[in-house]
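Asks: As listed in TrEMBL for this protein:
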type	residues	note
REGION	1-26	region 'Disordered'
DOMAIN	61-340	domain 'Deacetylase sirtuin-type'
BINDING	89-93, 99-101, 171-174, 265-266, 289-291, CYS326	NAD(+) binding site
ACT_SITE	HIS191	active site, proton acceptor
BINDING	CYS199, CYS204, CYS225, CYS228	Zn(2+) binding site
Amino acid sequence: MSKDLNLTTKDKTTKGKGCSNDNHQRLSAGVEDKEMDNLRKWFSDKLALGLGNKDLMEKPKVLHTLDLDGIVDYIKSGNARNIITMAGAGISTSAGIPDFRSPSSGLYSKLCGFDLPYPEAIFEIEYFRKHPEPFFAMAKELYPKTFEPTPCHYFLRLLNKKGLLLRHYTQNVDALERVAGIPAEKLVEAHGTLHTSRCINPECREEYDRKWMTEKILADIVPRCEKCKSVVKPDAVFFGEPLPERFRLVEEDFPNCDLLIILGTSLVVQPFASLVDRVPPRCPRLLINHEEAGNEDPVMVVLGFSCGLQFHGADNFRDVAWLGDCDEGCYLFAEKLGWKEELKSLIENGCQSETISAVETGATGST
């Protein structure tokens with residue numbers, strides 16, 4: 001992994017690469033095409049690519065069925081002991097926090113009045129330094145009104161309670177995972193957090209808490225440092241800023257992952273989106289989302305590489321998409337696992353009503 005990990009989008013003009021693509025002509029690596037196989041071999045030999053997918057020359061039997069039931073059987077069989085979860089804005093929408101890219105309700109759809117060069121500019125650090133007003137005018141939408149976690153958040157906590165969660169990687173800055181009772185050592189907040197803020201003056205960097213920032217935002221005031229009068233910015237990572245140091249846990253976590261669960265994300269923002277390719281080649285990957293996301297790159301398929309999620313075609317042996325509401329998906333997932341009552345209890349009682357056990361807090365020695 002490179003020394004500088006900056007937040008980027010795949011394409012500022014994209015409308016969601018991960019969207020459903022029924023009209024997309026897939027170039028399948030599973031098609032019995034001898035000329036295509038020869039072409040792949042030629043590229044590999046001439047360019048010394050070393051496809052690195054020797055394990056996949058023969059399609060392994062990883063899941064009994066390529067659906068949610070297949071994932072459930074995989075977990076019940078004891079094959080999943082180091083689950084990594086990845087989440088986006090879709091797991092927080094039922095808490096009243098809008099996502100970014102929904103056509104009528106997403107945050108980007110509400111930015112027409114700000115005269116931005118493009119929607120993502122509101123989260124670019126260089127634009128923010130010159131024009132902080134649009135961000136703070138819109139920031140009320142980002143700050144949770146009640147800080148009540150959703151069923152998705154409690155399902156994640158339940159995975160940890162069962163001793164199955166290796167790490168949770170989230171794009172969200174709302175910190176609802178913490179409120180739900182997921183221990184900090186189990187979290188990688190890849191895009192930062194709104195719980196703290198800092199002065200953008202590099203010679204000052206005075207820190208402020210969430211209460212201070214929330215008061216300023218609700219009063220429609222651009223927050224200014226009390227010491228140097230520079231703008232104070234939430235500790236959310238903007239485009240063009242380096243990711244938090246904890247993101248480097250990717251290097252040790254993903255090679256050990258035996259089940260990847262992706263929830264509520266369009267898998268557009270890099271480098272977060274590319275994490276789906278960091279798990280071992282036989283590791284099952286489950287997407288719970290309103291629509292397909294992170295679909296494989298057909299050009300890379302022609303070359304014989306596995307790049308992105310592969311839900312269709314004869315060569316899929318590990319990728320599953322459950323499409324629908326994320327909360328409903330987690331409820332159904334818990335029910336099929338026999339955890340329905342435990343999940344309901346966590347949701348009804350919240351995170352304050354029980355003592356978090358040693359297993360939940362990661363007291364077994366995990367980083």
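The backbone N, Cα and C atoms fix where each Cβ goes, glycine too.
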Asks: Considering only the recorded positions HIS191, CYS199, CYS204, CYS225, CYS228, which fall within 10 Å of ASN172 (NAD(+) binding site) when distances are taken between Cα atoms?
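Replies: So far as Cα distances go, the recorded positions lying within 10 Å of ASN172 (NAD(+) binding site) are HIS191.
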Asks: Any idea which of the recorded positions HIS191, HIS290 has the thinnest Cβ neighbourhood at 10 Å?
Replies: HIS290
Asks: Return the member of HIS191, CYS199, CYS204, CYS225, CYS228 nearest to THR265 (NAD(+) binding site) in space, with distance defined Cα to Cα and candidates limited to these recorded positions.
Replies: HIS191
Asks: Whole-number Å only: compute the distance from the Cα of SER92 (NAD(+) binding site) to the Cα of CYS225 (Zn(2+) binding site).
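Replies: The Cα atom of SER92 (NAD(+) binding site) is 30 Å away from the Cα atom of CYS225 (Zn(2+) binding site).
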Asks: Across the domain 'Deacetylase sirtuin-type' (61-340), what does the pLDDT come to on average, as a whole number?
Replies: 89
Asks: When the Cα of CYS228 (Zn(2+) binding site) is compared with the Cα of each of the recorded positions ALA89, HIS191, HIS290, which one is closest?
Replies: HIS191
Asks: Could you list the residues of the same chain, at least six apart in sequence, whose Cβ is under 8 A from the Cβ of CYS199 (Zn(2+) binding site)?
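Replies: When sequence neighbours closer than 6 are ignored, CYS199 (Zn(2+) binding site) has ARG205, GLU206, GLU207, TYR208, CYS225, LYS227, CYS228, SER230, VAL231, VAL232, LYS233 within Cβ distance under 8 Å.
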Asks: Check each residue in the chain of CYS204 (Zn(2+) binding site) that is at least six apart in sequence and keep those whose C-beta is under 8 Å from its C-beta; list them in sequence order.
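Replies: When sequence neighbours closer than 6 are ignored, CYS204 (Zn(2+) binding site) has CYS225, LYS227, CYS228, SER230 within Cβ distance under 8 Å.
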